[in-house]
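A short write-up of the structure that comes next.
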């Protein structure tokens, strides 16, 4: 059976009647249905203007050389700046038998009295500007999913109802002896609690170095994310009544500090710890050492001692503990990676530019046309 339709219908792309099929209906644009032909627009007919780069030696070679000439000086500048930052690190884990802290290696959370040790060291170079004291931990996975979720942000923000009824995300550190834990969760329960004190030794006389404990947390954390429960701010004991301390803490949260503006949930050591690290080896700011005047360095070259109240156990998971003294620059702390990355990328681009230039000079003018036989 032949299907006939007019030339106009053929030009439109669909016959008016369609082809009958079993079960009723018709194939085609008949029956009053909307035409299937797309609208005659530049977008639907794919007539929009387009641009496609044509890579030639005249465009590629200058790009390689420009990237190389820009990246290499930037990388050298960043690398030199990083190397000019003073940094001194002491590992006081105590795994070595000769270490003064070896006697504290198997300390537990509730050791009474706490184990103490002293490490003497010498600074070969003076620290001129403000000095930042960090504590560092290794093989400690603060980025574990369950660990990161084990907290109650509403409780930490001072919500009274969450204080007495913490989130179930805090399990198994949500309650203890039928009392809600404040602050709840695994992050707070594992808070770093070593105490570090620094002394300068001059003619066998130990002079304590002033360590500033305020100003170490982010402003947004201190003033926005962390707040004590509402009520009488001068009586934190009453505000936290009905709660209990985390299992591994030696004292409750309202006894972290004697100063009211650095106690409870707004204690800056606690706030710094609650900002979890992304990698298993990390450092967190512990104290600040401010420069007193411009005539003398903050820490002069010479002998020093570090007194440690060793409370934090790391030997059970093969962890390490460190104390780091460091200055900073406009780019932050000491980290040579960014400078090395810039130098490496710039050198590779410059090298590729030279290689491609030689290849283009040697083979670029060669007649590549070939006679096609008839």
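Yeah, the Cβs are placed from backbone N, Cα and C, and that goes for glycine too.
The compositional bias 'Gly residues' annotation in TrEMBL covers 15-34. Taken from TrEMBL, the feature region 'Disordered' covers 1-41. Among the features that TrEMBL reports, transmembrane segment is placed at 54-80, 337-359.
Sequence-distant neighbours of the transmembrane segment (54-80) (same chain, 6+ residues past either end, Cβ-Cβ under 8 Å): 331, 336, 338-347, 349-353, 356-357, 360, 364. Tertiary proximity for the transmembrane segment (337-359) is limited to same-chain residues at least six positions away from its ends with a CB under 8 Å from its CB atoms, namely 57, 60-61, 64-65, 67-72, 74-82, 331.
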